[in-house]
């Protein structure tokens, strides 16, 4: 264990010595500052309109009528051949939420406050930027040893190969946690700067296994934050597999970026037509869809990444991800630790 910790510190120091890792942290900081500036201006305009003429604001005062319209139109949706079975299932769950909202007189309220950034889709995209940067660092961390011909001196160190590999995993994950922590801190500061220390932010109406339910906005936001860590772990493991197979910094980096930007949506597209694709990891990594399913009308605002496929529960999705992670780790371990390095 001491050997692994010492190696991890050494590997982490190597990551920080790399100018790319510092540039990525700077980019995240700049992005968050831009988001804060834009959100501050938007909120300022909102307050000015509220002070002059609140009727100009797009306030959802007729939400009951909208929910009643959905309830009255459910048969039309269910009988419309335009919608797939997956979309019809999404619409029906949204229909049950509409009934719940009317029965409990609860509107989906997401007041803008210090936690709003984490419940907004902006956080999802910033998180994916973190995942992209961490994946690139992971691929670079391992593949550069082959490209720079430093792999042989590295393996001559008085440490077993698996300890070196574990240290590289841990150092990359540590960099990912620091990057993610930076976004969290700046996200909280964004909320405080723009909205102050106001109320916790109302409730979010969601759909679970037993039907519709509500969560406080703070609780919902923290769960969303925790779920994003799954992406960091999975893509770190995948980036190491790509790096150890391709053994080229440039090719491994490109392949890692493609896995995030091309392969994932392509997997989701194919899963809509062929069931076998729904058992691949890329369509099962976003656990947020299990949490918030039904908070929007997916058949209208349809995003294939948020699709819950038939027979795929959170437990099954977890098992699929765990299985692929173990397979990726085993292949990486075999190539790095068992095969002769030329």
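Counting begins at 1 with the first residue displayed.
Any Cβ shown, glycine's included, is placed from N, Cα and C.
Summarising the annotation, TrEMBL assigns transmembrane segment to 20-37 (among others).
Under the heading transmembrane segment, TrEMBL lists 125-144 (among others).
The feature transmembrane segment is assigned by TrEMBL to 165-198 (among others).
Feature annotation from TrEMBL assigns transmembrane segment to 218-242 (among others).
According to TrEMBL, the feature transmembrane segment maps to 249-274 (among others). Residues 84, 86, 128, 131-132, 135-136, 138-140, 142-144, 147, 235, 238-239, 242-243, 280, 282-283, 285, 304-305, 307, 309 of the same chain, all 6+ positions outside the transmembrane segment (249-274), place their C-beta atoms under 8 angstroms from a C-beta of that stretch.
What TrEMBL records for 316-336 (among others) is transmembrane segment.
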- request: Examine the transmembrane segment (218-242) against the transmembrane segment (20-37) and state whether at least 3 Cβ pairs sit under 8 A, considering only residue pairs 6 or more apart.
  value: no
